[in-house]
């Protein structure tokens, strides 16, 4: 980590610095390397403190805290989800995060995580698909072409080799935006007029819609044998994308069951409905894809360990880049037990500066 001579200083990665870091590394390389960190932390799943995120729900959306620790480092993310924000020119999702040293409790990094969350969500989806999707899958349908769609496409290209996209959104302008942004990225892209058209011939179906509703984006008759479904949009109570019959036909894989049963597609199913945990697939404890006709479903809601992985990755990539600010965030008195004395000394400093003659 960047060593700081003053204990009050915490490295801060702004949105501008994050964009520069991503572009310096390269988007696909960033996604591939980040996926490596995500997978590494799933492999040591049992080392982590795990809890469902702490959520404050309203009719407009949700604000959440997502904490975890591996005993050496502690990380958390603040994130919101407000689907109607785009009507007011605002982002649906915004986020920031902190990485801290467990030994001292001191923060080591403060960073924007709106862009970073989009990257880690896509990287996690691709990690899951690497273990669950049909072998040599090359064609992906993306239903919902808003803020997350390009990241999903590029992650699946970088990690699985997906090079054919079939896009659909209720808003044709969103699809046009996605196509425009992915020009020159090496995709064969088809803009589709319906969900049914988009999923035709797809090896992987990604659903990434934003409305906070129990929607039915995919119905049972749209999903054929052998498909992998990457269900990203359902991520809070009352927000789903898939018809329940699809769930009952699929082998379901989740990040953390206590959270996914509240927020994911499986909130539609009984609490004791059997699901598989992704970490067990990644570590080889259980099988992922077993045969060519199996329907696999990654019920993605996003979990704190993935943000922890992203924070670790950014911390490591920042070395020697200068792509951060030194933020005066922590009180650092000369005598740790004399915090009030620090305030008094600063008062004297301000008084002396105010009495200095003008130059």
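In case you wondered, yes, glycine gets a Cβ from its N, Cα and C as well.
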Same-site NAD(+) binder from 72, 92, 94, given that Swiss-Prot records 120, 147, 148, 169, 209, 232, 233, 234, 235, 239, 300: 92
Annotated companion of 53, 77, 120, 235 at the L-ornithine site, Swiss-Prot, chosen from 281, 301: 301
Neighbour count (Cβ, 10 Å) for residue 77 (L-ornithine binding site): 26
From 92, 147, 235: recorded positions whose CA lies within 10 A of residue 301 (L-ornithine binding site): 235
In three-state DSSP terms, the structure that residue 169 (NAD(+) binding site) belongs to: coil
In the chain carrying residue 147 (NAD(+) binding site), residues 6 or more apart in sequence that have Cβ under 8 angstroms from it: 91, 92, 93, 118
Inter-residue Cα distance where the pair is residue 169 (NAD(+) binding site) and residue 235 (active site, proton donor/acceptor), in Å: 19
